[in-house]
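Written out below as structure tokens is the structure these notes cover.
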Amino acid sequence: MAPNLRKHHPLLKMVNNSLIDLPTPSNISAWWNFGSLLGICLATQIITGLLLAMHYTADTSLAFMSVAHTCRNVQFGWLIRNLHANGASFFFICIYLHIGRGFYYGSYLYKETWNTGVILLLTLMATAFVGYVLPWGQMSFWGATVITNLFSAIPYIGQTLVEWAWGGFSVDNPTLTRFFALHFLLPFMIAGLTLIHLTFLHETGSNNPLGISSDCDKIPFHPYFSTKDILGFIILFLPLMTLALFSPNLLGDPENFTPANPLVTPPHIKPEWYFLFAYAILRSIPNKLGGVLALVASVLVLFLAPFLHMSKQRTMTFRPLSQLLFWTLVANLLILTWIGSQPVEHPFIIIGQLASLTYFTILLILFPIVGTLENKLLKF
């Protein structure tokens, strides 16, 4: 009998072990769909991005016009651009839900998988930031100026570092050129990191909503979860297409329809919605270095999740107190997102400061305390 090609061919064997015959817990819910959705987001972004790069010119005098040209004169250029810009928003929606799922169900206890995931988040944030600068509108220019300027808060080497990043004494042509190069490179880095992420995941197998070993009850990935994933793709593409076709500029900033002008500062500089929570934390501290440290800590705190887990149970499925805390954290992040979009004035300043304090208190102090308390309650 001839050997099964799918199981013996060096390349097909890898595909088979990770997409077809992969043993998967039978009880994983729709919250486990976001990994594959992130994969499809990445593929969509790389394809649309490649098509956009073919018509883009990374030069300060031509960048804005080249984007306008793509939308006006290139076949379906407007659609490709709208899909790429809004695809980024859906990418972040998926990654935030994916992280939330990992947090709720204790998936962070797979330390290597979790850590590579946090590195992926940081790389995605960097990619989105440099990408936002490319259309060279007002918000692109001033966003780049404000965020890169934060590096100057680093003692001793800060100013040198900023000028090195800019390629001059202000955000100008060299900055745009290198940001384009980085924006082209980073998605492929994300793809590589994704393979590492999956390699670590397949060492342990997926977690499940009960947080207990599921070795005794696993089913093949295909056809069960491959079908479920395709349904997920459809549910993702429907709102993406709706947004791109009906209201493509809903999530953008109107300032970006004005070409970059170093002499005119927009009244309110703010990043895209997916960075607003971190921006609110940055602004809540009235000191430059302190703000930068808080901004960095707001994301890097995720690395500490495995060490702050005190509960005897892995998931929050049967931990009502932790659940209450988790949903308070979600509400808190929504408040931070709202505050980030508001001007720096009363009462937004104090709300932002309280929300920032609450964010770190919940993650670093309350979660471990409540986990320990729930362990004690188990004894009654």
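Note: Cβ is positioned from N, Cα and C throughout, glycine not excepted.
Pulled from Swiss-Prot, these are the features on record:
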| type | residues | note |
| --- | --- | --- |
| BINDING | HIS84, HIS183 | heme b b562 binding site |
| BINDING | HIS98, HIS197 | heme b b566 binding site |
| BINDING | HIS202 | ubiquinone binding site |
| TRANSMEM | 34-54 | transmembrane segment |
| TRANSMEM | 78-99 | transmembrane segment |
| TRANSMEM | 114-134 | transmembrane segment |
| TRANSMEM | 179-199 | transmembrane segment |
| TRANSMEM | 227-247 | transmembrane segment |
| TRANSMEM | 289-309 | transmembrane segment |
| TRANSMEM | 321-341 | transmembrane segment |
| TRANSMEM | 348-368 | transmembrane segment |
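Annotated features, which come from Swiss-Prot, shown on the structure.
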residue: HIS84; record: heme b b562 binding site; contacts (Cβ under 8 Å, 6+ apart): GLN45, THR48, GLY49, LEU52
residue: HIS98; record: heme b b566 binding site; contacts (Cβ under 8 Å, 6+ apart): PHE34, GLY35, LEU38, GLY117
residue: HIS183; record: heme b b562 binding site; contacts (Cβ under 8 Å, 6+ apart): GLY49, THR127, VAL130, GLY131, LEU134
residue: HIS197; record: heme b b566 binding site; contacts (Cβ under 8 Å, 6+ apart): THR113, THR116, GLY117, LEU120
residue: HIS202; record: ubiquinone binding site; contacts (Cβ under 8 Å, 6+ apart): ASN17, SER18, LEU22
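Only sequence-distant pairs (6 or more apart) were considered; of these, at least three Cβ pairs between the transmembrane segment (179-199) and the transmembrane segment (114-134) are under 8 A, so the stretches are in contact. In this chain, the transmembrane segment (34-54) lies apart from the transmembrane segment (348-368): fewer than three C-beta pairs between them fall below 8 angstroms, excluding pairs fewer than 6 positions apart. Counting only same-chain residues 6+ beyond the ends of the transmembrane segment (348-368), those with a CB under 8 A from a CB of the stretch are 280-281, 283-285, 294, 297-298, 301, 304, 308-310, 322, 325, 328-329, 332-333, 335-336, 339-340, 342.
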